């Protein structure tokens with residue numbers, strides 16, 4: 001097949017599909033998505049701008065919601081664990097920010113393909129472009145939340161000093177989430193009730209992950225709860241960004257774990273994307 | 001032989017349209033447990049053979065009309081050429097930039113202004129809005145929306161909206177144009193302008209493929225006709241042959257009815 005040399009990726013992409021062809025086309029999808037960086041960057045930016053158009057505060061509403069929730073949890077669990085709020089609030093707020101950047105982004109990517117069904121059904125654009133668009137949107141929203149953290153921390157006697165590794169931690173966490181977001185996006189396009197399942201289970205996962213409770217406090221309570229920390233990949237994701245937000249350094253084990261999570265994700269996502277990529281326009 | 005811009009080699013397209021039941025996870029799990037027998041029962045999932053063994057070749061200057069009743073595969077074929085659907089068998093070769101004017105209104109953000117929507121729609125066609133300053137200016141000029149271009153699209157009348165969409169849809173260069181319906185928009189003045197623009201666009205396009213029901217459009221625009229019947233090519237030939245065939249068929253039908261009457 002000959003491809004057009006022109007910028008838009010609107011050249012036909014029909015070639016007889018044996019196994020090898022499918023892998024090549026999946027790789028092509030990735031390459032042309034990267035070539036269209038300006039396009040998905042624009043669309044991701046527009047997603048955030050459109051929230052500003054609809055409301056005065058735009059994504060800052062999100063941030064204030066997170067602050068409110070963190071405050072409520074700090075008051076309640078500060079009392080339960082008999083810890084001063086000046087200690088719980090920074091811990092919980094940073095944990096929630098990390099939660100929304102990583103695990104929540106995965107659980108929330110049900111609309112990855114469904115929400116752009118019209119584009120998918122009329123234009124020959126690579127699918128992974130939609131993934132990058134959503135990832136950029138999540139990053140921009142996270143940066144809004146970060147503003148909230150910087151404003152709120154001093155009120156609780158914590159200086160808003162971030163460890164320099166945050167510059168690496170944020171993009172790496174987003175990268176590690178990408179394959180899982182793709183997986184969720186495809187599953188939700190194929191099976192409509194996965195969306196419901198995720199909506200209902202994401203609060204459960206939120207409670208099971210040490211976002212607002214400290215594993216150090218839980219460890220005393222018995223082996224069951226520390227298992228939640230050790231065998232829960234989401235807890236590594238949260239820790240990976242929370243530590244630099246609290247001016248700590250993520251341990252080597254955290255880095256290795258995140259690498260493993262990413263590697264497993266890539267294998268799973270490839271197992272779904274390579275064989276079923278061409279079915280996506282029929283699903284949405 | 002000149003290079004083909006669009007060439008189909010025995011293209012077939014089939015897909016499952018899962019019913020609501022088949023879309024559910026519970027059903028899929030049950031299905032897995034019984035070894036996929038539920039799916040084969042029928043009723044749960046409709047298997048569509050949209051195109052079957054289709055071959056054709058379009059060169060510079062060709063204007064192909066795809067004719068057929070609803071559900072005959074016209075849209076599916078346009079989508080295969082557009083690169084939206086991948087053929088399940090065979091091969092579709094497309095050499096050149098494709099502009100698909102299918103569902104041109106998709107992607108509008110009603111809260112955003114006309115200008116913001118121009119950029120948004122360009123991005124959804126795969127163009128970087130940051131590199132399109134000239135295009136955007138031309139689109140805005142052509143739409144004649146004046147100060148309204150900086151107003152949210154939700155304040156537009158349907159005529160204004162149509163003008164905006166038409167201006168965007170016809171603004172980009174391409175070699176191959178896919179047209180689901182003849183585009184026109186707006187009040188009397190704009191219709192004239194739009195018709196002129198459409199002729200311009202069609203004149204400068206190397207290959208046009210259109211799905212149509214209108215014999216007038218076939219006569220005015222096309223040089224080749226493909227008749228699809230349940231995804232199977234029934235006829236492929238020149239426009240003259242197409243109308244000759246239609247006339248012959250009509251004649252036969254007349255004779256048949258006349259004969260039927262006589263025998264009664």
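Heads up, the Cβ atoms here are built off N, Cα and C, so glycines get one too.
For A:60-85, A:91-114, A:135-156, A:162-184, A:196-213, A:255-276, the entry in TrEMBL reads transmembrane segment.
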- Item | Contacting positions for the transmembrane segment (A:162-184) when only residues 6+ beyond its ends and CB under 8 Å are counted | 98, 101-102, 105-107, 109-110, 112, 128, 131, 134-135, 138-139, 142, 194, 198, 237, 240-241, 243-250, 258, 261-262, 265-266, 268-270, 272-273
- Query: Between the stretches A:60-85, A:91-114, A:255-276, which one has more Cβ pairs under 8 Å with the transmembrane segment (A:196-213) than any other?
  - Reply: A:91-114
- For the transmembrane segment (A:91-114), distant same-chain residues with Cβ under 8 A (at least six beyond the ends): 66-67, 69-70, 73-74, 77, 120, 127, 130-131, 134-135, 138-139, 141-142, 145-146, 148-149, 152-153, 170, 173-174, 176-177, 180-182, 184-186, 188-189, 194-195, 198-199, 201-202, 205-206, 209-212, 214, 234, 237-242, 245-246, 280, 283-284
- Query: Where else in the chain does the transmembrane segment (A:255-276) make close Cβ contacts, counting only residues six or more beyond its ends and a cut-off under 8 Å?
  - Reply: 22-23, 26, 127, 172-173, 175-180, 182-183, 186-187, 190, 233, 236-237, 240
